[in-house]
Amino acid sequence: MSATHDPLISELIKDNDAIKNIENILNIKKNIPSDKNKNDDLFEQPYVLESSISTLITLLVDLKKYLYNTVENELEKSTQNKKIDIIKLQSEIQVLESKKTNAINDIENKDNGILEEIKNTVNNERDLRNRLDSIDTVLSILDYFDRFNILVKQFELAFQEKKDYIESNRYLKEMESMLHSIPLDLVSVHPLPRIVPSLKDQLKKRRNQLKTIILDLFTNCIVINSSDLVLTCQDDSLLQPLEQPPPNIKYSNSIYKLVESLISLGLFNYTLTSISSNLLSTLIQPLISNNNIENLTFQITIENNKIHFQIINDNNKTTDNNNNSNRDNDRFTRLYNIIENLLIFICNHIFSNEKSLTLKFGKEVCSAISNSILNQRLKKCIPDTLQDLGKFQTITKLTQKFDNQMEDIGLLSSHDRILSAYVDNIEFHYAENKRNHLLQCAREIIQKDQCIDVISSDESIFGEFKTSVGTSTSMDLIQGFHFTPRTIFKSVHLLLELSQSALKEASLTASSLCCKKLYQGARDIFDLFRATYYQFHQNTINNREFVESITYSALYYNSCLFLSHCFLVFSLDYKSKLSEILQDPSTIVTFVDFSPIFKDVANQFFSNFLQTKLKLIQSHLNNCNQLLDTKDDNIFNKIESNFKLLIKQLNQMSSIWKKLFPRERYFELISLFIEQIISRIIKMILNLQNIEVIETTRLCQLSQMLMAFEDFYTFPGEAEELTKTRMKLIPSWKKLWQLNNVLEYTLSEIVQQYNQGKLKKLTNSELRSLVLSIFVDFDLRTQFLSQLSK
């Protein structure tokens, strides 16, 4: 047991009677032991506080245990000695419990108990500490505003009195930094103190003022004209020698300080874009497009606090105007030199060679510069011939050197070398340019075609093939592919000649790439013709005028067929040479695949055209009243006029086709039309009933008008027998005249003709119908009809 508890225990067991002496223990007025030499501030000594409470609790627990043990011992004694009164003992225990409860209540008393005193002491200490913390917070806030006020005064001094806007911007940045770190105790107050928004508003106003002034300063210190770039330095003392040549030129970092200020104010990207755009449009673009650039040079001069980059005429330069290749080399030398030094000048004086800023500037201008040089210079310098292609190497080296220098400066990345990529593939661009030129020429020929016709010639196909292969086998091959001359568009000959020239040049090149592109260009010419010719000349070919439409449609048909035939042998004289250059013997360098395509185009077009014209001509028969009531003069006159119009149009068609088509094709086409007309007229006559005498006469007159068709098969200087033979090409021609004889002859003559076998084209049923419609009933008719029925 602890030493501090010994006096109480001794008192309790004095005279060996704890019950007797417990009264004395409870009445002892003794404080809890404490160390007077130590600090009584229990808030500052939590361990002492904890020890005191623990001591009190331990005392009570020990007393309870001791009491319990003593009672147990006494009970045992009383049981053994039979001397103790049990009832009295229980009464004393109850009294003791009551006193214990009173003791605990005294400890927990809210007015003057030990626990309440401890709580009061702790609360007082806490309040004191909170007050001290509040004082510290106020002091830190005052210190914050004091430092901010100092920065405001420094800003106003630099801005208003010194006019040092660079320094003002530095103070502004510090104030912004302080506003981003406002003490937490100040911003956590609700509502927010009015001074905080006020500080932010004032700072925003100062920032806007500074933005306007620094932006004006930067804009005014850079002046861009069509022939020079002028930089104005704020302080001559800031001029320093350049690290890069020329060493005698000085530069100022005052503009760079403005750039830094623009960056901190968030204006740099906008300003850089504006300055770059102005530089490109005012100075660099006119320089690139200058046709006398080979006579230009540059100089850098200093005048007071201004640095000039001037583009001037080089009076010592002599130009060789007779040599275009040398002139192009001089132009690129001067152009690259001036632009390179101009950009270095800007990087030194404006960006102070800061890599990140140089890279941003490069992204703004280099792509535009490269594209301008590419479109306005390099593409226009592509050689026209294979011989000049080798002379382009000088320009290639100059261009690569220029890109290398831009990359070394930091203006250009390795992925943005547009110019170098272009000149490295000059063979491809040369070939592509030739291909585009071929298409341009072909388009011009097609678009400006006046539909002039010429007679097709084998020279378009075999012109050079005949001279390059003179063996009998080759000549037999040529003869086998002979194309019967016919009239075609003159433009087709021009396109063939253009394609021949491309194939010839392809056979002379040593580059497989150029060869392939030229061969593709030669093919593209005819792809273009197939895709666009009809579209360009649709109105002409489908002219409303009958004669014009017949003429131009036949010419277009002939042209497509002629091309289809040409493609069977076209380019044979270059086949082996082109395959050798392409280094692929398996490659078929011909146009054979075009042949069926153009043949299909021709046939499909002309088939549609023939159907359209046939419907137009047959429409005249639709107005003939099915040849009914021809006895009526008005009706007959109308039918006769429609027959005349039909024959007139067929005659016009015949006259045109005789000139444009070979005879075999002409006879085939005109016979097709005449057969359709005649077969329909025969069908109309056979459908007539009750034909009167006057009607048979007039029907014969109409049939006689069709004799004009014989002229379609007649050519000057030919015998008549040929015409009669050719009329057999019309299957219904003989039937028409046998039908005409039936209308013209008497019944006896008809019977005689039938018996002689001269009406074989008419069937018995057709003759029976005609006899019934024309002749009245009598014995001969009955006998003949009976004969026809067998």
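Yeah, the Cβs are placed from backbone N, Cα and C, and that goes for glycine too.
Those TrEMBL annotations? Automatic predictions, nothing curated.
Per TrEMBL, these features apply:
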type	residues	note
DOMAIN	252-446	domain 'Centromere/kinetochore protein zw10 middle'
DOMAIN	483-612	domain 'Centromere/kinetochore protein zw10 C-terminal'
DOMAIN	646-787	domain 'ZW10 C-terminal helical'
Within the domain 'Centromere/kinetochore protein zw10 middle' (252-446) only, compute the mean pLDDT.
84
Across the domain 'ZW10 C-terminal helical' (646-787), what are the DSSP residue counts per state (helix, strand, coil)?
111 helix, 0 strand, 31 coil
Counts by DSSP class (helix H/G/I, strand E/B, coil) across the domain 'Centromere/kinetochore protein zw10 C-terminal' (483-612):
99 helix, 3 strand, 28 coil
